[in-house]
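What follows is a set of notes on a single structure, which appears directly below.
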Amino acid sequence: YIAAVYEHESILSPNPKALVDRQSALELMGRNLDIYEQQAVAAARQGAQIIVFPEDGIHGFNFTRSSIYPYLDFALHSQSVKWNPCREPYLFNDTEVLQRLSCMALKNKIFLVANLGTKQPCEHIDPHCPSDGRYQFNTNVAFNADGMLVATYRKHNLYFEYAFDTPPEPDYKVFDTPFAGKFGMFTCFDILFFEPAVNLIRKYNLKQVVYPTAWMNQLPLLSAVEFQQAFATAFNINILAANIHHPTLGMTGSGIYTPVKSFVYHNMESYGGKLIVAEIPVITTDHETNLEKTPCSVSEKGNEQLLPVFYSEMMYDNFTFVPVWGEKGELQVCANTLCCYLNYQRAGLTDELYALGVFDGLHTVHGTYYVQACALVKCGGLNFSTCGEEVTHATALIDFQLWGNMSTRYIFPLLLTSGITLDFADHMGWKNNHYFISKNRTSSGLLTAALYGRWYEKD
């Protein structure tokens with residue numbers, strides 16, 4: 001099927017904390033919706049059957065609970081009411097944004113997914129009801145090609161979004177399409193947690209996911225395109241990911257991902273939005289990663305290395321590292337219960353320092369979640385203290401096999417090369433209770449090769 005995602009440079013309120021009236025809010029949102037409209041037309045012209053827009057793309061961000069109120073549409077979160085906002089605008093008040101999105105889908109005969117802020121009055125007998133008598137949700141909506149509202153999803157894992165409430169229960173939202181079957185949806189930070197993202201995929205055996213996001217890139221392990229790709233690979237699904245474009249805030253990175261091929265956009269240099277349209281296969285079956293032809297013999301090696309072990313902070317976590325010196329070698333490094341192993345061969349030596357790092361513990365900055373990671377990274381300089389820094393360019397071409405005795409089944413294989421471009425591993429999967437990833441000669445200089453494990457039970 002043909003899918004489209006739009007990375008949107010949103011027109012932002014100059015002062016999001018100021019209180020404005022509904023009319024002014026609609027005016028600002030209207031300017032963003034005008035751009036959405038042009039992109040929906042452009043996508044439909046290229047044959048797209050579905051288009052996805054980013055999180056916060058219509059209203060922006062950095063609001064307070066009260067300053068966002070005029071920007072909120074009323075949304076029913078019940079599945080029982082069938083409603084076409086474009087054709088039945090009179091059913092509910094304060095639904096101007098929903099109406100415009102619905103009409104866009106209808107006019108262009110395209111499935112459309114967007115993110116907006118919604119409000120829902122609640123009674124004080126509801127124990128979860130906020131003191132001001134209303135819920136405010138960060139909400140994704142999906143419309144079918146007739147403009148019918150077919151799904152609403154309320155973001156569960158909020159990322160310092162004080163304007164919004166967490167829904168009392170996780171939403172598991174799917175909608176059906178004639179061209180690719182069922183799609184599931186979740187938002188941004190949700191992708192790092194079991195609820196609802198992983199559970200949704202398992203529950204409905206999903207093969208397609210739409211994913212609006214407003215993601216701030218964090219190298220070496222959590223740049224948007226890098227993790228979106230890893231997620232598609234780990235679950236053997238297609239992901240349509242639309243991010244916001246604000247390079248000054250570190251926000252860029254959208255794509256249409258399949259487990260074996262990706263169409264991505266990552267641009268920290270220039271401004272303006274970007275439409276990606278791609279034809280991708282409908283995934284129907286579960287193909288298990290083929291582990292038979294793996295050159296990787298996973299043996300517990302004797303400790304023949306006499307390399308210095310050092311500690312350095314990476315992504316706010318205290319990693320244990322060993323340097324990757326020389327043209328080739330076999331290394332191991334351990335922390336807690338996790339040991340990481342690396343066989344490597346460099347195509348000639350460059351004056352770049354690489355290191356093999358391990359972390360097995362609770363990540364506690366900007367969210368709390370348990371990580372098991374084995375990471376081969378390029379350091380920022382030649383000092384050990386630079387290992388773990390954000391690096392965007394590298395020249396070393398490296399053949400490697402990386403493996404670890406992970407305690408969780410949920411492993412996201414990361415492979416990032418110079419200029420924040422994606423590469424694909426030759427082989428990956430489980431063997432003898434170890435997860436491994438291998439690659440003969442990266443396509444360009446290696447930035448990161450890592451196994452990013454999420455041990456959800458220990459969150």
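Any Cβ shown, glycine's included, is placed from N, Cα and C.
Annotated features in TrEMBL:
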| type | residues | note |
| --- | --- | --- |
| DOMAIN | 15-282 | domain 'CN hydrolase' |
| ACT_SITE | E55 | active site, proton acceptor |
| ACT_SITE | K155 | active site, proton donor |
| ACT_SITE | C188 | active site, nucleophile |
Neighbouring CB atoms within 10 angstroms of the CB of K155 (active site, proton donor), all protein chains considered, total 25
Once the chains shown are all counted, how many other Cβ atoms turn up within 10 Å of the Cβ of C188 (active site, nucleophile)? 26
Cα-Cα, whole number of Å: the residue listed as 'active site, proton acceptor' versus C188 (active site, nucleophile)? 7
How far is it from the residue listed as 'active site, nucleophile' to K155 (active site, proton donor), counting Cα to Cα, in Å? 8
The residue listed as 'active site, proton acceptor' CB neighbourhood, other CB atoms within 10 A: 27
